[in-house]
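Written below as C-alpha cells is the structure these notes are about.
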C-alpha cells in the first residue's frame with residue numbers, strides 16, 4: 001500500500017517549525033543567560049600596608065611583543081612625599097623638615113631661607129649644615145646702606161652714627177646735632193625719636209609726674225572701713241592736706257588670680273645651628289611613571305644580517321688525551337737508506353777535494369759500493385735487518401776516509 005503524499009500545508013508547517021525551533025530555544029535560554037562586564041585589573045588594585053598599590057597594564061617590548069607591565073602608585077587618599085605615601089590631608093611641614101621656612105607645594109616640601117639669608121647649594125650637596133647662610137649686607141653694598149657706620153646682624157643690619165651726629169627716622173641718615181639738647185619743655189629731643197620707641201617732651205613728663213602724685217594723695221585719703229567708704233561715695237568729702245603723712249604699709253594680701261596672657265612677642269633671632277645629624281635611612285622607591293604612548297610606532301621589516309664580528313680569543317690548551325691502542329708491527333727495516341746517505345756524503349767530500357786541490361785524492365780506505373752496483377759487486381748480499389742472515393764475525397771498516405791530503 002502506498003502512503004498518501006503529504007499536503008502542502010503540512011510541509012509548510014514542518015518547515016516553519018524547523019526554522020522557529022532554534023529561535024524559541026534562544027528565547028527560552030535568554031532568561032538564564034546574563035551579560036556581565038568584568039572589571040579591569042586596575043579596578044581590582046589592593047592597597048598594601050605601605051599604602052602602595054600595584055597596577056598591571058599591557059605594554060610593548062622593544063621587540064614589539066605584547067607583555068604585562070606593572071605600575072606602582074599611592075593608594076587612593078594618599079600622596080607621595082619624600083619617598084613615602086602619606087595621607088592627603090597631612091601637613092608635610094608639621095615635623096619641620098626644613099632648616100628655616102617650609103612650604104607645602106601641592107604635597108611636596110619646598111624649603112626656603114628667611115630674608116637676609118642665602119641658600120648654599122654646595123653645603124647642601126655635602127650635607128653640611130647650615131644650608132642657609134647669613135648675608136653680609138654691609139660688605140655686599142660697598143658702604144652704600146648707611147651714611148656712617150654699618151653693623152651686620154643675623155639676617156639684617158643696623159646703622160650707627162659717629163660722635164656728634166644723630167640718626168634720622170629712616171635709620172640710615174645721620175645729621176649733625178647734640179645728642180642731648182637743652183629742652184625747655186616745649187621741644188622734643190631729636191635723638192629720642194627712633195623707630196619702634198616712644199618719646200615725650202619734658203613738659204609732658206612733668207605733667208604726668210604731677211598727675212601721679214595727685215593720685216597717690218587721693219588713694220591715701222580713702223577710709224579704711226566700708227562705712228566711711230560709703231560716706232565718701234555719697235558725697236562726704238574729706239579735704240586733702242599737703243601735710244598729711246601716709247600711714248605704715250599694711251600686710252601683704254593673698255595671691256590674686258593669674259592675669260590674662262599678654263600678646264605674642266616677635267620671633268627672636270635664629271640660634272646657632274646644631275651639629276649635623278646621622279643620615280636617615282634610604283627611602284622607598286617612588287611610583288613608576290606613566291607608560292609611554294607606543295601607538296604611533298610602527299614595526300618595520302627586519303634588516304639584513306650584519307657582518308660577522310671579530311674572532312674571539314684562542315682558548316687554553318686542553319689536557320692530553322689517553323694513549324691509543326698499540327699498532328701492529330711494521331715491515332722489516334733496511335739499511336739501503338743509510339748506505340745512500342753515506343755514499344752522498346762521500347760524493348760531497350770528493351767534490352770538495354776537487355774544488356780545493358784541483359784533483360781527486362785517493363784514500364787507502366775501502367770504497368763503498370753504490371746501491372746500483374750491488375748486483376755486480378763480488379760480495380753482493382742481502383743487507384736487511386739481520387733477522388734472516390746469521391751474524392758475520394768479520395767487520396768492515398765503514399768509517400769515512402781520514403786522509404784528505406795527498
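Along the chain as shown, residues are numbered 1 onward.
For all residues, glycine too, the Cβ spot is worked out from N, Cα and C.
Annotated features in Swiss-Prot:
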type     : residues : note
COMPBIAS : 270-279  : compositional bias 'Pro residues'
COMPBIAS : 281-292  : compositional bias 'Low complexity'
COMPBIAS : 386-406  : compositional bias 'Basic and acidic residues'
DOMAIN   : 134-175  : domain 'EGF-like'
DOMAIN   : 245-290  : domain 'Collagen-like 1'
DOMAIN   : 300-333  : domain 'Collagen-like 2'
CARBOHYD : 142      : N-linked glycosylation site
CARBOHYD : 182      : N-linked glycosylation site
CARBOHYD : 385      : O-linked glycosylation site
REGION   : 244-335  : region 'Disordered'
REGION   : 360-406  : region 'Disordered'
SIGNAL   : 1-34     : signal peptide
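For residue 142 (N-linked glycosylation site), the Cβ neighbour count at a 10 Å cut-off comes to 7, with all displayed protein chains included.
DSSP assigns residue 142 (N-linked glycosylation site) to coil, not to a helix or a strand. Across the range of the domain 'Collagen-like 2' (300-333), the DSSP-based residue counts are 0 helix, 0 strand, 34 coil. When the region 'Disordered' (244-335) is classified with DSSP, helix, strand and coil residues number 0 helix, 0 strand, 92 coil. Over the domain 'EGF-like' (134-175), the average per-residue pLDDT in this prediction is 90.
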